[in-house]
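The block underneath contains the structure these notes are about, expressed in structure tokens.
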Amino acid sequence: MEVYTVTVATGTSEYSGTNNYIFVTLVGEKGESERTLLDNPGLDFCRGAVDQYKVTSPSPLGSLLLVRLEKQRYWVEDNWFCRYVTVEPPAEDKVLTFPCYRWLIGDIKVEIREGTGKILGMQNQFLILFTKLWVTWAPGIPRCIDATTEADLPQDVRFDNEKRSDFEHSLHYLLTRMCVFDSEYCMEHWKEDRFFGYQCMNGSNPRMIKSCNKLPENFPVTSDMVQSSMAPRTNLDKELKAGNIYLLDYAIMDGIPTNTIKSKPQYIAAPLCLLYQHPDEGLIPIAIQLEQTPDHDTPIFLPRDPPLAWLLAKIWVRHSEFQVFQLLSHLLRTHLVIEVFCVATLRQLPAVHPIYKLLAPHLRYTLEINCRGRTQLISPNGIFKRVVSTGGDGLLILAQREYKVLTYRSLQPRNDFTDRGVYELPKYFYREHSLMLWDTIHSFVSGMVSLYYQSDHDVQEDLELQAWIRDITQEGYTELPNFGLPSKLNTREELSTLVSVAIFTSTAQHAATNNGQFDWCAWVPNTPCTMRHPPPTDKDAVTMEMIMATLPDVSQSCLQMAITWHLGRAQPDAIPLGQYTQEHFTEGEALELIERFRRELKDIEGHILNQNEGLELPYLFLLPSRIENSITI
């Protein structure tokens with residue numbers, strides 16, 4: 001009789017334990033063990049427990065292939081979350097780990113493989129337990145999981161109970177109490193041109209700014225107009241040639257339908273804003289036009305204009321910034337882009353596949369937060385409809401416009417900074433920190449890919465991997481002829497870059513757009529969610545009464561503060577970048593790569609902290625310890 005030592009670990013979150021019957025069978029090359037009821041004296045499978053048992057077999061099983069777990073109801077149904085199973089074969093000085101990390105619901109039988117990453121072709125298909133389909137929630141945006149609400153999602157991708165309670169309680173509290181918050185630095189500096197310029201680089205939408213060496217034809221700024229903003233002994237033409245002029249162009253906002261709130265129409269603009277990298281003052285705005293077509297009712301606002309006129313022009317730019325960063329930079333380019341990876345990974349890759357293991361920690365909770373976003377935030381009766389000027393039809397049209405021009409290249413930070421011509425822009429902390437993180441992530445992913453794929457040929461012959469990329473390109477990112485991501489992976493470098501894009505987008509890029517939104521939006525005049533009067537046409541007619549009547553009212557302002565706090569706050573159960581509470585990898589070489597990744601992230605953390613010492617306004621949104629491992633909010 002062969003005796004195997006079996007250890008079973010139960011989940012640590014609330015309600016992970018069970019009082020149901022749990023059976024185990026060990027399956028090896030030479031046969032199966034006895035089907036064994038796991039039952040020690042006292043309580044088994046309590047929350048966080050690690051229980052040990054003996055399992056017997058009449059003869060040696062040979063190399064173990066899998067562990068079969070069975071849950072059967074005892075009195076009442078009681079779900080169980082199993083973290084992992086380890087098996088110590090008799091007379092062998094080794095322990096085999098079988099990662100599980102899933103819920104067992106109802107009377108169910110689950111087979112889990114030993115944790116070594118495997119690329120086994122179609123043999124693994126029976127291990128894929130995710131059967132959800134794609135669905136088109138709205139035309140012209142990435143497709144998503146077929147789930148009307150979060151309740152339709154499989155339990156394995158749902159929030160844990162603690163996360164769900166915190167999310168729902170804090171949201172309900174904020175929406176009913178309408179708390180008032182404080183954003184002291186923004187309140188004190190929001191009128192300053194330098195602070196405006198700083199936010200273009202390091203605010204919640206740091207991807208909008210681009211270099212400008214030739215003025216757009218629809219933005220007729222002359223050298224005389226902006227001469228008073230120039231440094232001594234230079235002019236606009238010289239600065240254009242020197243590469244010191246930058247542009248914000250919100251053409252995507254032109255003609256977007258506007259919302260109606262409390263029976264009153266709201267307003268938007270489609271501004272153009274010219275900025276100058278001043279040698280002494282830093283990046284500052286020097287000209288603003290609030291519509292795309294210049295005419296006598298669309299003046300070009302300048303810093304030398306009446307102060308209130310210039311201030312209102314900047315507020316209109318920041319209002320456009322709110323729409324673009326929330327709906328495009330944040331929702332579309334992180335949440336919806338990553339949902340495609342989530343669905344394709346769960347549909348096409350078995351749990352033993354190394355790319356599944358690599359991506360799984362970066363997909364945690366994303367499907368549920370996206371479902372909640374579709375039902376609570378951007379739905380016809382959602383929060384955006386109640387408070388945002390593009391709420392209703394406008395937000396969808398805006399997202400459709402951005403999706404049409406979305407490219408795979410733009411999701412890769414080095415290419416993005418090159419294409420926007422912003423490598424020379426000083427104090428662009430978002431760029432500097434993003435590139436450090438990208439290089440570290442790409443190095444880590446490349447190491448993992450090289451560990452499991454010995455050649456480009458191995459990538460080409462991995463049938464599951466090729467099914468995964470087809471699902472991404474042909475099912476997820478549909479109607480995108482210029483997206484630029486092929487439907488076949490041919491090299492290890494192509495695979496490494498794609499996985500790096502997924503990890504970078506779900507971690508660093510999401511943190512850059514999401515985590516600071518309360519800082520920039522809590523003082524509502526700095527980044528207003530809606531405008532109640534149209535853009536000004538007469539510089540001399542702007543008064544403080546006009547500005548106050550244009551900005552969101554008190555109830556709209558309170559809701560803006562509440563929702564940006566709720567979405568931008570640090571999550572109580574956050575798992576930082578590079579920390580893996582679920583140990584999908586078990587091989588020594590893979591674990592060494594993970595440790596090196598963590599060391600490099602720690603070095604980045606130290607560099608960022610040292611860089612920010614003494615700064616009046618620190619940029620800490622891309623500290624690795626403050627970046628979540630996945631999109632969970």
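The backbone N, Cα and C atoms fix where each Cβ goes, glycine too.
Any TrEMBL annotation is an automated prediction that lacks curation.
Here the structure is a predicted model, which means the values were calculated and not measured.
Here TrEMBL flags G17, D78 as Ca(2+) 1 binding site. According to TrEMBL, the feature Ca(2+) 2 binding site maps to D39, N40. Among the features that TrEMBL reports, Fe cation binding site is placed at H330, H335, H510, I633. According to TrEMBL, the domain 'PLAT' annotation covers 2-118. According to TrEMBL, the feature domain 'Lipoxygenase' maps to 189-633. What TrEMBL records for W103 is site 'Essential for stabilizing binding to COTL1'.
Same-chain neighbours of the Fe cation site beyond H330, H335, H510, I633, judged by a C-beta within 8 angstroms of the site's C-beta center, are, in sequence order, L331, T334, I369, T513, N514, L567, I631.
Neighbour counts were taken as the number of other C-beta atoms within 10 angstroms of each residue's C-beta; across the binding-site residues D39, D78, the minimum falls on D39. Cβ neighbours of N40 (Ca(2+) 2 binding site) (same chain, under 8 Å, six or more residues apart in sequence): D51, Q52, Y53. The candidate set comprises the binding-site residues H330, H510. Of these, H510 has the most other Cβ atoms within 10 Å. Here the Cβ of G17 (Ca(2+) 1 binding site) has 21 other Cβ atoms within 10 Å, regardless of which shown protein chain they belong to. Put simply, D78 (Ca(2+) 1 binding site) is 16 Å from D39 (Ca(2+) 2 binding site) when counted between their Cα atoms. When DSSP labels each residue, the domain 'PLAT' (2-118) comes out as 0 helix, 64 strand, 53 coil, counted as helix, strand and coil in that order.
Cα spacing between H330 (Fe cation binding site) and D78 (Ca(2+) 1 binding site): 38 Å, rounded to the nearest whole number. For H335 (Fe cation binding site), applying a Cβ distance below 8 Å and a minimum sequence separation of six or more within one chain yields T366, I369, N370, G373, H510, I631.
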